[in-house]
Amino acid sequence: MKVVIGQGSCGIATGALKTEAEFKTQLEKQNVKADIDLTGCVGTCYLEPIVDVYEDNGDMTRYVKVQPEKVEKIVEEHLKGGKPVTEYAITDEDKQFLDKQERVVLRHCGVINPEHIEEYLAVGGYESAKKVVTSMTQDEVIAIIKTSNLRGRGGAGFPTWFKWNAAKGNPGKEKYMVCNADEGDPGAFMDRSVLEGDPHSVLEGMIIGGFAMGATEGIIYCRAEYPLAIKRLEIAMDQAREKGYLGDNIFGTGKHFDIRIKAGAGAFVCGEETALIASLEGERGMPRLKPPFPAAKGYWQLPTNINNVETYANVAWIIENGGEAFAKIGKAPSTGTKVFALAGKIKKGGLVEVPMGLKLKDVIYGIGGGIKNDRQFKAVQMGGPSGGCIPAALDDTPVTYEDIVKTGAIVGSGGMIVMDEDTCMVDMARYFLDFTKKESCGKCNYCRIGTKRMLEILERITQGKGEDGDIEKLEELANKIKDGAMCGLGQTAPNPVLSTIRYFRNEYEDHIYNHTCTAKSCKALIHYEITDKCKGCTLCAKNCPVNAITGEVKGLHVIDQDKCIKCGKCEEHCKFDAIIRK
Amino acid sequence: MSETKSCGASRREEFKDLNPVLDKYAKVPGSLITILQQAQEIYGYLSVDTINYISEATGIKPAKIYGVATFYAQFRLQPIGKYLIMLCKGTACHVNGADRIEEAVCEYLNIQDGETTEDGVFTLNNVACLGCCSLAPVMMVRSNDGNETYGNLTKDKVVQILAEIRERA
């Protein structure tokens with residue numbers, strides 16, 4: 001018997017380590033022999049901590065939300081008694097979350113132990129790299145990637161083969177293969193899960209790409225906020241070196257290729273290739289003018305190729321199964337799968353990997369189970385601060401680079417934040433602008449000053465001080481920044497504003513002209529009232545920090561609007577839904 | 001520029017934990033961020049003295065080091081409290097009411113983002129995303145005992161958690 005505990009960051013956040021400790025205690029206490037092992041993120045974050053119990057014949061029972069108090073029973077009845085505890089096991093409905101997905105990038109996540117290279121080798125790991133390095137030419141590798149039509153998964157969707165080919169063709173004493181693992185998009189954690197759950201697949205992708213472009217060194221630029229990912233990468237690199245897959249004599253060919261990690265220090269702009277290179281060189285992460293492109297003059301002015309974590313995780317699969325097999329998945333020219341971090345007002349949040357071309361509603365309802373508390377679906381935000389909001393009416397849009405761009409959003413790195421009727425779209429635009437304004441590196445005026453001016457207008461609007469002409473001013477600024485900014489951060493920063501104006505102009509108008517927040521979310525534009533559903537339980541009055549609520553026990557309560565600071569505590573505590581926002 | 005005038009040997013002694021880092025990286029081009037990260041790991045923050053010492057060892061001007069240190073969100077120029085509250089302001093948390101959680105934290109601790117409580121117990125840092133979006137709203141509390149993550153926060157829950165930590169401190 002083997003007990004495998006999901007230990008990605010979200011698993012650990014929900015208490016997987018405490019669950020593991022309890023398993024150790026219970027196994028000893030009940031005198032049961034079983035191995036305890038760990039694995040990465042399965043993707044069903046809403047069910048963590050997840051524990052898989054494997055019988056000796058290979059049968060597996062998956063237990064969900066395994067808090068320590070459930071452990072004793074699982075050990076006693078299943079591990080000792082041989083009878084699975086069905087009430088703690090995953091339901092058929094939740095199983096669908098995984099069954100409806102197609103897994104290429106996440107093929108090993110939540111399956112193998114990321115800290116044991118043997119488990120990766122047992123599923124065919126490093127076979128692709130070996131084949132490439134020992135028996136193929138650089139052009140042959142690039143041709144396969146071209147056939148697959150793999151495109152950059154970091155956001156822009158640029159063909160991977162083209163970048164590799166360009167870097168291969170440019171002369172340089174040294175060449176660098178860089179992995180961008182600086183996942184700075186708030187609301188996205190795909191890369192983290194891949195690095196934590198299957199680090200070897202990223203290393204293998206880098207070895208293959210490094211061979212194709214003729215790189216001498218690989219560098220992984222990873223967020224310092226991802227300590228677990230860095231730890232697992234380091235373990236994986238040590239193991240790969242020991243096996244001779246990295247180092248001076250890779251796969252016995254006498255060729256040199258090694259990889260090192262460089263921890264990023266927290267700057268969203270470093271997702272931009274040239275800014276990332278500046279940061280690698282120990283400088284402020286500010287972008288440089290292109291051309292020259294990194295493929296010609298990158299790290300230390302030498303040919304450099306930069307791909308995203310998810311892009312690399314696809315590479316070994318493509319070599320193993322062929323470019324055609326990959327091109328068959330998805331909806332050409334967007335081939336393959338894409339991993340999304342599904343979050344926000346969604347019932348079943350987590351990581352989902354779907355073939356490109358699946359409709360948005362199939363992801364949100366089919367896999368995600370629909371909207372939390374069965375509220376009304378309003379919009380989905382894709383592409384983070386560089387993307388936009390797609391309204392519910394367009395939920396049959398296929399998820400491809402081309403179709404999503406038409407809506408004004410982008411596929412981006414894969415954040416998919418679902419919003420319901422309580423989310424104010426003006427506030428959403430303000431939120432993203434606040435982010436990009438803070439993250440603007442300050443090099444070019446359009447971005448540095450433009451985003452600040454836009455934010456000021458949006459703040460005014462959400463505070464109820466919007467003026468006639470504000471919407472037009474926002475549009476004008478947005479278009480100028482798009483045209484004038486130097487790098488991707490600035491050029492895309494206005495997207496959340498433009499897309500919300502495009503689909504939710506009425507909300508902007510409500511704020512400005514009617515002084516109401518359509519979603520009843522902007523504090524300055526709402527007030528709280530108590531309806532006749534009130535039972536006089538006094539809970540609201542007791543919790544009001546400013547004593548603004550009065551009323552007799554069992555009698556209707558009233559809010560003194562002059563005293564009320566709109567903190568919302570009364571609404572939070574009311575058990576009868578008697579308090580409403582107006 | 002140095003705040004304390006001391007001879008070379010005693011300065012080396014003062015920064016004895018940092019010296020191995022500098023021995024390894026001081027002359028490797030492009031290593032400034034790595035050095036700053038490790039210095040912060042050792043001392044908790046980057047003091048003027050630390051920056052000057054790194055400058056002497058690497059030959060990089062203090063102004064430039066300061067420029068790099070202020071560019072990245074990770075670096076701190078002030079000491080932090082015993083418990084560092086990293087309050088997630090990612091998109092999923094925002095949609096699920098992170099602003100209201102921040103209000104409650106600020107009100108309870110009487111500090112704003114980036115500040116430390118007078119008793120030196122808490123420092124509040126808003127962070128872009130902790131990547132635990134399905135637990136939103138989330139905060140992580142970092143101390144010498146490691147990181148503890150708290151999810152599905154409400155105004156009351158967050159205050160209760162902080163009160164418990166304060167009692168322990």
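Just so you know, glycine gets a Cβ as well, placed from its N, Cα and C.
All annotation found in TrEMBL is predicted automatically rather than curated by experts.
Annotation comment: TrEMBL describes B:CYS88, B:CYS93, B:CYS129, B:CYS133 as [2Fe-2S] cluster binding site. In the three-state DSSP assignment, the secondary structure recorded for B:CYS88 ([2Fe-2S] cluster binding site) is strand.
Non-local neighbourhood of B:CYS93 ([2Fe-2S] cluster binding site): B:ILE101, B:CYS129, B:CYS133, B:ALA136, B:PRO137, B:VAL138, each in the same chain, at least six residues away, with C-beta under 8 Å from its C-beta. In the three-state DSSP classification, B:CYS93 ([2Fe-2S] cluster binding site) falls within a helix. For the binding-site residues B:CYS88, B:CYS129, B:CYS133, the greatest number of Cβ atoms within 10 Å around a candidate Cβ is found at B:CYS133.
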